[in-house]
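Below you'll find the structure, written out as structure tokens, and then a few comments.
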Amino acid sequence: CRTEGMSCEENQQCCWRSCCRGECEAPCRFGP
């Protein structure tokens, strides 16, 4: 899942909760 340009809430729904720390870190850009 790509989270580039996504908001923090969208990132949480798409990736892992731990990715929500201001910005999406590189390892978090691609999730399950």
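Any Cβ shown, glycine's included, is placed from N, Cα and C.
Per Swiss-Prot, disulfide bond is recorded for CYS1-CYS15 (among others), and the stated evidence type is similarity to another entry.
Among the features that Swiss-Prot reports, disulfide bond is placed at CYS8-CYS20 (among others), with the record citing similarity to another entry.
As annotated by Swiss-Prot, disulfide bond applies to CYS14-CYS24 (among others), with the evidence given as similarity to another entry.
The feature disulfide bond is assigned by Swiss-Prot to CYS19-CYS28 (among others), with similarity to another entry given as support.
Taken from Swiss-Prot, the feature 4-carboxyglutamate applies to GLU9 (among others), supported by experimental evidence. Note on GLU9 (4-carboxyglutamate): other Cβ atoms within 10 Å of its Cβ, all shown chains, come to 9. When secondary structure is read from DSSP and collapsed to three states, GLU9 (4-carboxyglutamate) falls in the helix class.
What Swiss-Prot records for GLU10 (among others) is 4-carboxyglutamate, and it gives experimental evidence as the kind of evidence. Neighbours of GLU10 (4-carboxyglutamate), defined as other CB atoms within 10 A of its CB across all chains, total 12.
Positions annotated as proline amide by Swiss-Prot: PRO32.
Look at Swiss-Prot and you will find ARG17 (among others) tagged as site 'Pharmacophore'.
Under the heading site 'Pharmacophore', Swiss-Prot lists ARG29 (among others), citing a curator's inference as support.
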